[in-house]
Ligand code: ADP
């Protein structure tokens, strides 16, 4: 069999934009591995690993986990792969992470292909996150500890301050594609596919 072609997609967008769900579907349909750093970090917290204990307060407060931790996690993930067909959800989130990712991808001979940016107005984002938190509570679970209005607002501020600069970073490289994130899941998914043509 021929080696599958490398493909690297980086999903950008504020918390609550629906990146995770859309990335999941894109991964399934295009045979990509979804790498969600939020999921990886939450899994460490649930399992109570040493790293999990260290980062739990940061996740609960909606603060970013230090770059060196994230970069080590991603380095490990990519090292295990044969052929790099990935979609990043929630990574990179800082300029330092983006630069380090470029170094890693260069070593692997798998440059970035697409960077869709899901755009959703601020107030809608907070509404969606708070609704997700309430729904989880109503379902009898505790949901994500960071899905409260206060922490959600802080996550938006962190996005604006730390992650927004990545928009310029990828835009300067000609990879950025703006996608309107308002509408049904179907509509948004169709726009994402179109942006990647
Ligand atoms: P959100 O819905 O807020 O985008 P994520 O599931 O992507 O949530 O991330 C949840 C939390 O995990 C973040 O608030 C942060 O504490 C931590 N985190 C996830 N990815 C990163 C990253 N690339 N760099 C630093 N911290 C991260």
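These residue numbers are counts, starting from 1, taken along the chain as shown.
Just so you know, glycine gets a Cβ as well, placed from its N, Cα and C.
The ATP binding site feature in TrEMBL is assigned to 16, 17, 18, 19, 20, 21, 132, 183. Secondary structure at residue 20 (ATP binding site), as computed by DSSP, is helix. Within the same chain, the residues at least 6 positions away from residue 20 (ATP binding site) whose Cβ sits under 8 Å from its Cβ are 36, 38, 39, 89, 90, listed in sequence order.
As annotated by TrEMBL, region 'NMP' applies to 36-65. With a cut-off of 8 Å between Cβ atoms, the residues of this chain six or more beyond the region 'NMP' (36-65) that come close are 20, 23, 73-74, 77, 88-91, 93-94, 144-146, 151-152, 154-155, 158, 162.
Residues or ranges marked as AMP binding site in TrEMBL: 37, 42, 63, 64, 65, 90, 91, 92, 93, 97, 144, 155. Non-local neighbourhood of residue 144 (AMP binding site): 42, 132, 133, 136, each in the same chain, at least six residues away, with C-beta under 8 Å from its C-beta.
Note: residue 17 (ATP binding site) has non-local neighbours 118, 119, 120, 125, 181, i.e. same-chain residues 6+ apart with C-beta under 8 A of its own C-beta. Put plainly, the binding-site residues 21, 37 were compared by Cβ crowding within 10 Å, and the winner is 37. When the neighbouring Cβ atoms lying within 10 Å are counted for each of the binding-site residues (16, 18), the highest count belongs to 16. Taken through DSSP, the region 'NMP' (36-65) splits into 23 helix, 1 strand, 6 coil.
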